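Worksheet for the structure shown next.
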Amino acid sequence: MMSCFLLSVWRSSLILCLGQLLRCGEARVKTEVQAGPLYRVLGSPLYITCSVSGFRSENTDKHFEFRMTKPSNPDFEIQIISSHEDTFGYSSHLTRVRKNEIALKRLSPNSVRFEIKSLQKTDEGEYECTAVNLEGVYDGEYSDKTVVKVIEDSLSVSSSASTPLSLNEGEALTLTCLASSSTIQHTHLSVAWYLHKDGQEDAQPIISLNRDFTLSPGQGFERRYQAGLIRLDKWGEASYSLKMAEVEPSDQGRIYCQAQEWIQDPDGSWYIIIQKNAEEMTLTVKATEVVEPSSPSLAVEISAQPAALQEGQELMLSCNINTQDVEKRFFSVAWLKGSVELARIGPTGVLTVAPEYSVRQKNGELRAARSGNRDYRLILKPVRTEDQGEYICTVWPQERGQDDTFIEGEPKDSSPQRVSVSATENRLTVKMQQAVNVTEGGGLHLFCKVDGVQGQLSVTWQHKSTPTAPFTEIISINEEGVTEIAEEFVSRKVKVMRPATHNFTLVLDEVTLSDSGVYQCAVSERITNGKTHTQTQTTTVTVISIDTLMGVSLSSRKTRVTVGEKLELMCRVKGPHMPVTVTWSVQREAKTPDTILTLSPDGTISWSADQNHYQLRVESRKTEVMYYLLVIGTSHREGGSYQCNVSVLLKNVHKELKASNQLSVIVINPVSRLDVSPIPALTTNMNTDITITCSIVKKTSESSLYSITWLHEENAGNKTIVSLDRNSIVTESQVDLRQRISMRRSKGPTFELIIRQARISDKGLYTCKVGEWLQDPRGEWYLLSTVSKSTVLTITEPANDLRLDKKEQQLTAKEGEEVKLNCSITSGASGSSVFYRVIWHYAAHSSSLKKASLVELDHTGLVSYPENKDIRGLQERLRLSRPTQKSFYLSIQKAHEEDSGTYWCQVDQYQLDNEAHWQLKASDSGGAIKVSVKVTGMITVLEVFCWAPNSLAIL
């Protein structure tokens, strides 16, 4: 625990010092390892060089520590090995360190090499080399990291011949090596042929083909390489042939081919990640016997290389002539199988082929030529099983005559050479991955790995939807690499890839549900003998519906927003990343949804709403894509039920996914501050002008507008008197009141209701209803709130104190004169709403006429004369006048003696009620006026009358 604590403190101090270093300037100490990733093969060694510079003591051995983290747990650090502490490593690695399977090799005082003898799969991860600082001061970078990837061994090397082979000196040797790799990394192969002589410790290279396809002869083979007697030919993808035209006794030994697989590290250097040797073939070379000049004998030898082979390989039959002065002589050479001649080379080098072999010669399967003064070669490739048997070589000496004709000598046969040809074993195997699941609309990649390849390959991919259905072809690739797509799939995105020589990959993009089923990889191999081997492998593919993998949901941080605020809606599309179309819509009230916008897979936005009020952004995450719709400045129009719909583009067709949930957004008004001042109660008299004031004392915004409605409660119900909208336009008023009632606006704002000539009917409860209007971000006006204030208006009527002048009057007039009678109101209501009716009464001196109505002036100004024949003459001479509002005069024109009597007036007071009906409010009678009309020259007799309004008596 203590060491772990100190390590933690040390590493924290290191980070702190590095932070200070970044602020202070250039670092002094620098630690470096090879840049990664380093791809290495399972089971092969791993070497990582770590060096440090900048320490003050350059010649002192520095100590190093190696740690690693694994991809499965990148936060857990594993200690491996240290140059100064034997128990540094964790138990998972300490055992391998003690067995020297993991080691640190010092290269210099400032560098080491970290080694793993045999890589395990668990060795894959990130490695960190740390230079231990013993100086006490930190100034630089004391650690560096690199990544190691452990890959499978896919290098395959084999040789065409492993049985021992015996050749004569000067004969030709051909060996074939098959080398290939199926790794997915970018690697190069190099192939070399080696000769391991008996008694020598190391093998020597004969010829090699480097990773950059450069041929290089080995030491001791340069002369023959330059003379064209040693070659290395590459056939196809994986075949490398060694050809030695004339073997020498020094070529005797064990020959094998070696393949190396190279990869280029990030630092640009090339590294051998794996090398393998094929089986060795033992070669024996017989030295040519030296023939003495005196010897006239002719010796013929035949050899087969190889003597035992498989069909499809190359058979070389060499015929060697051993005689004196061979270079000066002419020969005919023939190859026979049993008694059947295959081919013959004449003395001038002309080749003739037996009819039964002419087709093979035409196809290039049979070749024969002179390869030296003593050597003749017949090559059959590909060899067939019917080529098995005994072969002899027959030689005829030829003497040229003077006419240049040749005379054939006695033939000389070689001893028989047995050749065995076995049928080619079908080693072809095909592997595919297990059952595959792929998402609808995604890409299908099926891998077909072929092993045991001996010839040229062609591959056909097939599909059937059900196990009982027949296979139908998808695509094929022939031996030349030409692909052919089946008619049914011509319109599909399908191709075959060949990442390695024997690896084939079917790529089918934008798969649909109908692409589920069984897939078959059918591999055909055509080997050199013309035979074809076929192997197949199948796997099951399930296309998962996009509906089951993708989900759409809609959310928002708040669904109640105030007018003018921002609203952010989040449409979450979970599942694999695919080209989708996203449509936003909103449904207001019971109407059909309105589309806001549509986002296409290529990023094009189609707006159906005013885009000035919206913003859209997209955020791609590992397992989902977030689409944000921002509403800039909400209005009531943005209230409603929102939804996002997603469709996936599959084969240029949009497939609708299940729509998101509906998200209800409520747009509320801002808090209103509107307030109206109280209206005090009013009491006033009839026929006066009244002003009721409604003042706004608080408002929500300086830009607020107001609508005003004045209401009058009448008979337990409200009646609108007048109404103004927010633009101060009258929208409603009572027609019968327009002349008397109006409204006026002043600063504040203040709204005044003016009632002119108030009537009794105007009394009651008056309400001022104020509506405050605001403008939303779209420029539309909305009613924020309404405030009402009420007051009571009381109308008082004038008092009923009608009084007439009660004073009695005595008037004397001569007959024929005008008599003027006066009736005066001494007290009582006045005004335009008060009206009077005046009736003049008369009582004659005679007892028969006690009370008669002379004339009436009613309250509407109408004059009438009551019917009475006794006073008709008097009525005709009466005149009425009203010089003032409270004075009524009655004039008697040309008074007669019989006009004498008592006169008095009666006054009635009238007013209109709420229904415009006349109501009698008061009534009174004036004092008696006694009139005496005298005839000129008559004695006046004084008569005394006692009068009362209802009776008249003579005293």
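A Cβ is built for glycine as well, from the same backbone N, Cα and C atoms used for every other residue.
The signal peptide annotation in TrEMBL covers 1-27.
Per DSSP, the domain 'Ig-like' (43-148) is made up of 11 helix, 53 strand, 42 coil. What TrEMBL records for 43-148 (among others) is domain 'Ig-like'.
Taken from TrEMBL, the feature domain 'Ig-like' applies to 153-284 (among others).
With helix defined as DSSP H, G or I and strand as E or B, the domain 'Ig-like' (296-395) counts 14 helix, 53 strand, 33 coil. If you look up TrEMBL, you'll see 296-395 (among others) marked as domain 'Ig-like'.
Mean model confidence for the domain 'Ig-like' (416-542) is a pLDDT of 88. For 416-542 (among others), the entry in TrEMBL reads domain 'Ig-like'.
The domain 'Ig-like' annotation in TrEMBL covers 550-664 (among others).
The annotation domain 'Ig-like' is assigned in TrEMBL to 670-770 (among others).
Residues or ranges marked as domain 'Ig-like' by TrEMBL: 798-907 (among others).
Of the two recorded stretches, the domain 'Ig-like' (153-284) lies close to the domain 'Ig-like' (416-542), with three or more CB pairs under 8 Å once pairs fewer than 6 apart in sequence are set aside. In terms of DSSP secondary structure, the domain 'Ig-like' (153-284) contains 8 helix, 73 strand, 51 coil. Counting residues per DSSP class in helix, strand and coil order gives 6 helix, 56 strand, 39 coil for the domain 'Ig-like' (670-770). Note on the domain 'Ig-like' (798-907): DSSP counts are 11 helix, 55 strand, 44 coil.
For the domain 'Ig-like' (550-664), the number of residues in each DSSP class (helix H, G, I; strand E, B; coil) is 6 helix, 66 strand, 43 coil.
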